[in-house]
Amino acid sequence: MPGCPCPGCGMAGQRLLFLTVLALELLERAGGSQPALRSLGAAAACRLDSKESESWGALLSGERLDTWICSLLGSLMVGLSGVFPLLVIPLEMGTMLQSEAGAWRLKQLLSFALGGLLGNVFLHLLPEAWAYTCNISPGVEGQSLQRQQQLGLWVIAGFLTFLALEKMFLNCKEEDPSQAPSKDPTAAALNGGHCLAQPAAEPGLRAVVRNLKVSGYLNLLANTIDNFTHGLAVAASFLVSKKIGLLTTMAILLHEIPHEVGDFAILLRAGFDRWTAAKLQFSTALGGLLGACFAICTQSPKGVEETVVWTLPFTSGGFLYVALVNVLPDLLEEDDPWHLNPPLPTGTPCSRCCCSAPVSW
């Protein structure tokens, strides 16, 4: 069949042939360069895998293995101090809460807890955060002032965060007014220090019981963050030497044991029995283990300091909220404050703060 005499058809055929040849050539070049690209990608992946394996090998080496074991054991010992109050609080404390004498005993423990929380904030957490702030920016006045202002902002952030959490939990746990009356013995024990003859059935008192439970959980959250910082300190000390690590662990234990007694009293006030309170206290040890693992994995004192700079003041704000909003109002409701700690109403908090001072120094 003869070709089309139209010149336009001939030019279109030439263009189509040219594009086809060009496409085939590009495909051939792409196919030829594909092995080179694959080899480059494989080489890069091998380098990344080798670096990652070297870093993990350094973490799990024989030298680091001793640090891992000592740091985790030290953090676990600090966490086990939360079970110490079982040896101090009598077995019948749960049933005693239903009596006026039990309420008076609990108020004494709460005043001890108040002093522990305030001493922990102003004699331990905030001075340590201040020292870390000065170490990060020494000799630079502008940066030092800015970091000190950030420290105060973190305290406010911790306080407001715990306020928001308590409001959120209370709104989520709203009960139906038609529910059965509450039989929680703590509601009877904390009614101004007097025993209630009948179980509390008023909605307002049920709200008080809910508030007590939430305050206990908030204190557990603050303790978990505090134990995280303790784990950081223990692991960072063992990274320097075993001697410094052991001294740091003993210092933290001396500080934590009386503090845990106050925390145990706060949990009893929240309505938990002795064994449940001990289990919850022991669960906060997970924060210490996580802090120790974080400190060893970073292997950088600077990274630990930057973490501690905001966790310490944030925890301080949480402890201040628990002390001033949840514990102190119960002590202010006491009709005869001289019964809390004769002959001085503020003797127990002051004595607890004095216990914190030598450990902090």
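Including glycine, each Cβ sits where the backbone N, Cα and C put it.
Checked against Swiss-Prot, the range among 147-152, 171-176, 255-260 recorded as motif 'XEXPHE-motif' is 255-260. Relative to the membrane, W68 and L331 are listed by Swiss-Prot as lying on one and the same side. At the 8 Å Cβ cutoff, the transmembrane segment (234-254) and the transmembrane segment (69-89) share at least 3 close pairs (sequence separation 6 or more) and count as touching. Only residues 6 or more beyond the boundaries of the transmembrane segment (277-297), in the same chain, are considered here, and those with a CB under 8 A from a CB of the stretch are 59, 64, 67-68, 71-72, 74-76, 78-80, 82-83, 85-86, 216, 220, 223-232, 234-236, 239, 260, 263-264, 267-268, 304, 307.
Note on the motif 'XEXPHE-motif' (255-260): DSSP counts are 6 helix, 0 strand, 0 coil. Within the chain carrying the transmembrane segment (151-171), a Cβ under 8 angstroms from the stretch's Cβ atoms is held by residues 126, 129-130, 133, 207, 210-211, 214-215, 217-218, 221-222, 309-310, 313-318, 320-322, 325, all 6 or more beyond its ends.
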